[in-house]
Amino acid sequence: MISLNSSFLERSSVTGGSRTQSQSLRLSARRPVVTSMLNSNSLPERNVSVSVDSAVRDVNAPVAVEVDRSVGEKPFAAVGGGVEDMYGEDTATEDHYITPWSVSVASGYSLLRDPHHNKGLAFTEKERDAHFLRGLLPPVVVNHDLQVKKMMHNIRQYQVPLQRYQAMMDLQQRNERLFYKLLIENVEELLPIVYTPTVGEACQKYGSIFENSQGLFISLKDKGRILEILKNWPHKKIQVIVVTDGERILGLGDLGCQGMGIPVGKLALYTALGGVRPSACLPITIDVGTNNEKLLNDDEFYIGLKQKRAAGQEYAELMNEFMSAVKQNYGENLLIQFEDFANHNAFDLLEKYRTTHLVFNDDIQGTASVVLGGLISALKLVGGSLADQKFLFLGAGEAGTGIAELIALEISKQTNIPLEESRKKVWLVDSKGLIVRSRLDSLQHFKKPWAHDHEPVNEFLDAIKTIRPTVLIGSSGTGQTFTKEVVETMSSLNEKPIILALSNPTSQSECTAEQAYTWSEGRAIFASGSPFKPVEYNGKLYVSGQANNAYIFPGFGLGLIISGAIRVHDDMLLAASEAPAEQVTQEHFDKGLIFPPFTSIRKISAHIAAKVAAKAYELGLASRLPQPENLVAYAESCMYSPKYRIYR
């Protein structure tokens, strides 16, 4: 046997030269590593035991070598137990320790594998020489715009939306700046791919399509170690976390750990639409199990804990540790967005932490803000004020009650009447019928403010006929509940009924755009949570709006960041809802749109950010002082640009 006893292991630098003694890697423990010597045919000749002392000695000190003659001269077969390379990658050494070497400066092959710095064929001739890329790429140099054109061509070749989603996610993990430039410049086409509705299918099949982690997974097994796990994430200056426990993914129910697709998708939009730096975004899934029997028993590719979902004290303790750890690790100004938690946890978490953390629930608050913005816009077509309307909701969960509360709050501010009084203009229907005072004792706490004096009404259609609403809002998560009779009844009560079918994904929408326009004889003012194609009715083309939270949360988050806000206030949500409505033109109204097109979303986000930041300064909740004079310009200047950087 050959025994090597050396002071330290000298490594080569990324430029190919040897490191100095001060640059050399110190090994903290003495551990034998079995490797081999290779002959001229690259076959292993002898076993070599290398022991490296932790003590640092002279780099030029002699090395004692002892050859164990008991080892036969014949080379071992690679499959039978030899070691083919420095990583020891063969079946005989699967249980051996190896060191995953890495370098601090991306160069050469590693640079092409670094999504944050990779430019693909866009590396210039000078960059290829400076960073050891010569020969690792074809000789042609392609500009950024041509790369975008090529990628869009390739993505359009896929006919299946999930395949397009996978192509986009692969690109994000290969070339980050190309991904965001592609998404920004083709947002209307790609938004339904990277987010709803396609992301819903991606979450359902997440275990099957999972290749590389794009965020942090924290499970019950990690209790007591969450702070340690946060430090494993490579980026340290985190400004936004989107976190889910996977219990209520869109309208698809409990998908457990596979809900990770939602935080990943949301944060891609934070960057593309709101300009928040990708390195400042962290997707997190809290895995406390799942009650989805199909995932537990039938899906062999499920990536989460195969156990029933934790609840009660066990759940609360894990979430409390998480909330404490992220604040300790990232600071007071960290924005934590709760995403797709079930009703019973969503309201409790928001209520518990809104006074101690910078928290935001997109399902409750983001949806409310975007819908309020759509209503402000729609009233320009209908006429009258918000207080003149009567609202009826199908669905009394997070989205429904969140929207209802923000509407009531805005009415209260506009009319100077108490909030309790303004709530009386809003009615909700749940699975048991109209929410009325006689049901008060059996209602969940978040439904109780909406229990008005009225006789019980069990059927949704009967509630419409009784309440006679001017605005119908669906947040039930159940598809095709706005039937032909429902839409026709709304149309008989109103010249221009406002109908919002908000449930996601498309399969869960209360009705389609075509149904709404056809059944209302083209009179409905319609918007939906998922996108629908334009509809032609009686020779007129109707373009339905999408009440997508993506109008609000990216700009909202940017506003909190640029102001250094320490808490979220309801007045910020009201301020944010005004910006989309201000961007709707008469040309948009003529097509039936109550939301502006997504092509101008970064402009909208900058205006939302400015309004949110201004409100933060007004309320004394901003920590980034002094306040900039022009907040819109400041917001735009803070936005991430996907333009390639030039490397030395």
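A Cβ is built for glycine as well, from the same backbone N, Cα and C atoms used for every other residue.
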- Message: With E339, D340 listed by Swiss-Prot as divalent metal cation-binding, which of these, D348, D363, is given for the same site?
- Response: D363
- Which of the recorded positions Y195, D363, G395, E398, N504 has its Cα closest in space to the Cα of D340 (divalent metal cation binding site)? D363
- Note on the structure: Listed in sequence order, the recorded positions within 10 angstroms (C-alpha to C-alpha) of D363 (NAD(+) binding site) out of Y195, E339, E398, A404 are E339, E398
- Message: If I restrict to non-local contacts, at least six residues apart, and a C-beta distance under 8 angstroms, what lies near G395 (NADP(+) binding site) in its own chain?
- Response: L428, V429, D430, I473, G474, S475, S476, G477, S503
- What subset of the recorded positions R248, K266, L392, T401, I407, N504 lies within 10 angstroms of E339 (divalent metal cation binding site), using C-alpha positions? R248, K266
- Query: Looking at the recorded positions Y195, K266, E398, T401, A404, whose Cα is closest in space to that of R248 (NAD(+) binding site)?
  - Reply: E398
- Query: Near E398 (NADP(+) binding site), how many other Cβ atoms are within 10 Å of its Cβ?
  - Reply: 27
